[in-house]
Structure formats: C-alpha cells, structure tokens
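**Student:** Next up is a structure, given as structure tokens.
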Amino acid sequence: MQREKRKDNIIQKLQSTDSPVSASSLAKEFGVSRQIIVGDIAILRAEGHDISSTPRGYVLPQIGTTPVYRIACKHDSSKILEELNAIVDCGGILLDVSVEHPIYGELVGNLHIANRLDAKEFADKIIESNAPPLSLLTGGIHLHAITCRDENALERIKDKLRSIGILFE
C-alpha cells in the first residue's frame, strides 16, 4: 500500500473510533512495520492533523459538545489507581495530566482513560516501566483535563476526590 493511501486509511480509522489505536495494530492491518506507521503519524501531524499519542495508542480529538474541565489533584504514587478509578466511576474520562515545571513550563501527558480497565493498564504500565509519574516533579500536585456529561457529573467527581483526600483546593 502506498504511503498516501495508507495515511488516508489511518485518518479514517482514527476518525471511526473513540478508542486509542496502537501503531502495532495499524501495522498489522496495513501490512507494514510499526516503525512505518510511526513515520506516517509524524507526517500526518506535520500536515496539521491533531493526532495525540496515549499510552494505549493514537487518537483524534472527537469534535462534539462534551465540555472539558480541569481539576487539580495532589497525592503520591500509591494513589494513582484510586484517583483514576474515582474519576471514571463517576462518569469522567481523563484526557491528560499536566504539571507546571519551573524551567519547561507546562508538561502534558496524554491519557485517554475512560474506564477501570484503562486505569489499571496505565497504573500497571507505570509500575512495570519503573517510570516516575509527572506529578513526582511537583510534589504530587497535578492537573487533569477531563470530560464528563455535565456539571453534575463534575461535582460528583470532585466530591469523590475530596472524600478520598485527592482533590487539591
């Protein structure tokens, strides 16, 4: 398959799903190496496509009316899974995590965590990779961009995080 056709197919695939799509699955589908897909994604980004990379694959932002909110949290590494589960259990989807670095400014990590399975996979990946979370840079303080149905869902999320001592106010 030629690069231009493959790039068009990659965009169509990303537009047709709400779930992240891994480079490996795209490579298998199109009969090329994972590295070829990574290169295609880089070219698509350079062409102006807003493709985000998450721990589970690539996503395109879904155009819609669901509001995005930012919440501040503070906790140590042992509370990551509890925090993620609290948010998804109350109807939230975690889009990203960000911290404010004194030299680099805002550092953002894309998440796209929509359920407990996503949360567990992310928490397991942190443990397995021995990679410190971004919040380690800021004493546990970090922000999440989340989306949820409405303000009532946001309040449920905040109440839950407050009750477990994670909401930073």
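Cβ coordinates are placed from backbone N, Cα and C, and glycine is handled just like the others.
Computed from a predicted structure; not experimentally measured.
Here's the feature list from TrEMBL:
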type	residues	note
DOMAIN	6-58	domain 'Helix-turn-helix type 11'
DOMAIN	71-167	domain '3H'
BINDING	His75, Glu83, His142, His144	Ni(2+) binding site
**Student:** Averaging the per-residue pLDDT over the domain '3H' (71-167), what integer do you get?
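**Tutor:** Across the residues of the domain '3H' (71-167) the model's pLDDT averages 94 on the 0 to 100 scale.
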**Student:** According to DSSP, which kind of secondary structure is His75 (Ni(2+) binding site) found in, if we only use helix, strand and coil?
**Tutor:** coil
**Student:** Give the helix, strand or coil assignment DSSP yields for His144 (Ni(2+) binding site).
**Tutor:** strand
**Student:** Considering the binding-site residues His75, His142, His144, which residue's Cβ sits among the greatest number of other Cβ atoms within 10 Å?
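**Tutor:** That would be His142, with the highest Cβ count within 10 Å.
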**Student:** With an 8 Å cut-off on Cβ-Cβ distance and a minimum sequence separation of at least 6, pull the same-chain contacts of Glu83 (Ni(2+) binding site), or say none.
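**Tutor:** Residues satisfying the criterion: Cys73, His75, Leu161, Ile164, Ile166.
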**Student:** Which residue counts does DSSP yield for the domain 'Helix-turn-helix type 11' (6-58) in the helix, strand and coil classes, in that order?
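**Tutor:** Looking at the domain 'Helix-turn-helix type 11' (6-58) with DSSP, the answer is 31 helix, 6 strand, 16 coil.
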